[in-house]
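Presented below is the structure to which this report refers.
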Amino acid sequence: MGRYVIRRLLQMIPVFIGATLLIFLMVNVMGDPVAGLCGDRQCDPATAQRLRTDLGLDKPVWQQYLTYMGNVFTGDFGTAFNGQKVTELMGSAFPVTIRLTIVAIVLEIVIGITLGVVTGLRRGRPVDTGVLILTLVVISVPTFVTGLLVQLLLGVKWGWIKPAVSSEATFGELFVPGLVLASVSLAYVTRLTRTSIAENRRADYVRTAIAKGLPRRRVITRHLLRNSLIPVVTFIGTDIGALMGGAIVTERIFNIHGVGFQLYQGILRQNTQTVVGFVTVLVLVFLVANLIVDLLYAVLDPRIRYA
Amino acid sequence: MPDKTADMEKKTEEKAVMPSSTEVPLTLDAGPAPGKPRSLWSDAWHDLRRSPLFVVSALMILFLIVMAIWPGLFTGASPRDSDLKNHFLQHPNWTHFFQADWFGYDLQGRSIYARVVHGARASIAVGVVVTLAVTIIGTIVGMVAGYFGGWVDSLLSRLTDVFFGVPFIVGAMVILTTFEERAVWVVILALAFLGWTQIARVARGAVITIKQSDYVVAARALGASTSRIMFKHILPNAMAPIIVVATIALGGYIGAEATLSYLGIGLAEPTVSWGIDVASGKDQLRNAPFVLMIPSVMVAITVLSFLMFGDAVRNALDPKMR
């Protein structure tokens with residue numbers, strides 16, 4: 001187990017370096033980091049030149065990357081071009097997005113898996129067909145449409161929720177935005193659980209459990225569900241990173257000042273330090289989530305051993 | 001046995017004659033040498049023809065493709081003519097089928113119906129071209145990684161992880177901001193650059209399984225070259241899961257184009273696309289929701305068609321689901 005974790009951590013290093021280098025190159029080489037510094041006007045050449053020297057942009061790219069990474073490991077993510085430390089921006093943005101993601105993941109697990117089990121056990125019945133069609137519709141409608149509609153109906157027309165989330169962004173306020181953010185993944189979780197449950201329903205161990213006279217509830221939760229969860233857990237694990245990065249649309253609709261908001265501002269204003277910094281953290285979150293998922297496999301299926 | 005083979009050949013021929021429009025598996029069937037028994041695909045086709053899900057989604061896709069190629073068949077109105085005096089945010093006339101005012105007019109007095117019809121081209125072009133590109137890149141990367149294994153596999157798998165680790169919409173936004181021009185090809189480039197990883201993983205998995213099968217071992221024992229084994233034996237057999245994932249992803253790319261346009265960073269005027277109309281409609285959401293809703297419904301219908309199509313093909317190809 002310990003050796004497996006160490007090996008996986010070592011494997012994460014090249015992926016981490018690669019992904020950060022990729023985003024670094026995309027931002028710094030393809031774009032012009034100085035272009036965003038003078039507002040909407042063009043910088044005059046002399047100022048641009050001085051800014052380049054000040055920011056170390058006249059050095060070769062690999063040197064810039066190494067300097068940047070060196071700083072990151074000492075906890076210095078640089079300064080956004082409005083003078084704020086990127087770490088300060090992160091300090092205000094990440095707690096909000098983490099709360100939003102927690103809401104989304106919990107809803108995915110609770111609603112998605114419940115619906116999946118219910119439909120998987122009743123394949124071909126009206127409940128199953130109904131939920132299946134509903135998931136297809138939810139997946140097809142882009143998140144921004146769902147979000148705008150929910151905001152218009154619940155927030156503006158019926159007044160059930162506030163159309164915009166306040167700066168505190170409490171769990172209660174984030175419930176509806178979290179549901180919007182989770183909607184597509186929730187539909188996928190339902191479908192995955194359904195397929196998995198339907199496949200395993202006729203497995204020998206389920207028949208044995210029933211034959212032993214175990215209560216139906218215990219057969220379903222302990223035997224059937226536990227064995228059916230591996231694909232679902234894999235999906236949810238990779239989804240954590242996707243949700244945090246994908247919150248860009250949801251955060252924009254509900255005016256939530258989280259990671260998505262900062263990234264959106266950063267990208268539009270070509271604020272390179274912000275973009276690279278936030279994406280670096282997102283890549284780390286993604287990698288760690290994947291590692292945790294792999295370790296969870298052994299919890300779900302004791303036959304899986306890590307050497 | 002010979003009889004069975006002959007029968008299957010007949011089936012293959014039948015298939016070739018069948019009017020094929022959008023059925024992805026069919027076009028692929030034409031690829032490998034004719035005369036070989038192709039039981040998986042003939043079985044699948046046999047099932048598909050009887051699946052309402054498949055027939056409905058295939059007809060819908062056909063309809064959308066016709067709309068993308070010949071928008072003039074559906075409307076005579078121009079998507080760029082604006083008449084602010086008479087048509088400022090005019091509400092839809094739901095009974096005026098196929099007329100310019102069917103879906104009403106937008107903020108600039110342009111016929112929403114005409115824009116929806118003409119917008120199909122950009123959205124579907126993005127979806128189809130990105131899917132083709134990611135399928136080609138992903139299949140090559142996945143096949144090379146799966147076939148050669150060892151350090152080649154490690155290298156390519158880590159490379160896939162690297163691209164997979166970059167958040168998709170964020171990465172696409174970063175790429176798009178670096179281009180002055182927001183044409184269709186730029187959006188295609190941005191989505192394809194980051195999108196190939198899923199197919200690569202699926203292809204790698206399929207190739208690793210197939211590599212160990214008897215017919216590949218036999219082909220190698222007979223002295224077949226690497227390229228022959230890869231293209232004649234492994235590729236046709238690895239195609240099934242790749243096609244399923246690609247079809248479902250196609251809908252996703254159309255949604256991604258709309259999302260990027262909604263964020264104000266995808267396609268831009270004067271291109272006509274559903275995403276642009278959604279983006280321009282969001283500001284009138286409270287007084288004229290139809291401006292946003294109609295192109296959104298088109299995006300949803302298109303994504304839904306490809307999802308259903310992919311589902312139907314998956315059910316037909318997956319013996320476990322029988």
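Numbering starts at 1 and runs along the chain as it is shown here.
Backbone N, Cα and C atoms are what each Cβ position is placed from, and that goes for glycine too.
Over in TrEMBL, the protein carries these features:
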type	residues	note
DOMAIN	A:94-297	domain 'ABC transmembrane type-1'
TRANSMEM	A:12-31	transmembrane segment
TRANSMEM	A:96-118	transmembrane segment
TRANSMEM	A:130-154	transmembrane segment
TRANSMEM	A:174-192	transmembrane segment
TRANSMEM	A:224-249	transmembrane segment
TRANSMEM	A:275-300	transmembrane segment
Field: Cβ pairs under 8 Å between the transmembrane segment (A:224-249) and the transmembrane segment (A:96-118), at least three
entry: yes
Task: Determine which recorded stretch among A:12-31, A:96-118, A:130-154 has the most C-beta pairs below 8 angstroms with the transmembrane segment (A:275-300).
output: A:12-31
Field: Chain residues in Cβ proximity to the transmembrane segment (A:130-154) (below 8 Å; excluding those fewer than six residues from its ends, i.e. six or more beyond)
entry: 115, 118-119, 160-161, 163, 176-177, 179-181, 183-184, 186-188, 190-191, 194, 246, 249-250, 253-254
Field: Remote residues contacting the transmembrane segment (A:174-192) - C-beta distance under 8 A, at least 6 residues beyond either end
entry: 99-105, 107-109, 111-113, 115-116, 119, 131-132, 134-136, 138-139, 143, 146-147, 150, 154, 161, 165, 231-232, 235-236, 239, 242-243, 246-247, 250-251, 253-254, 256
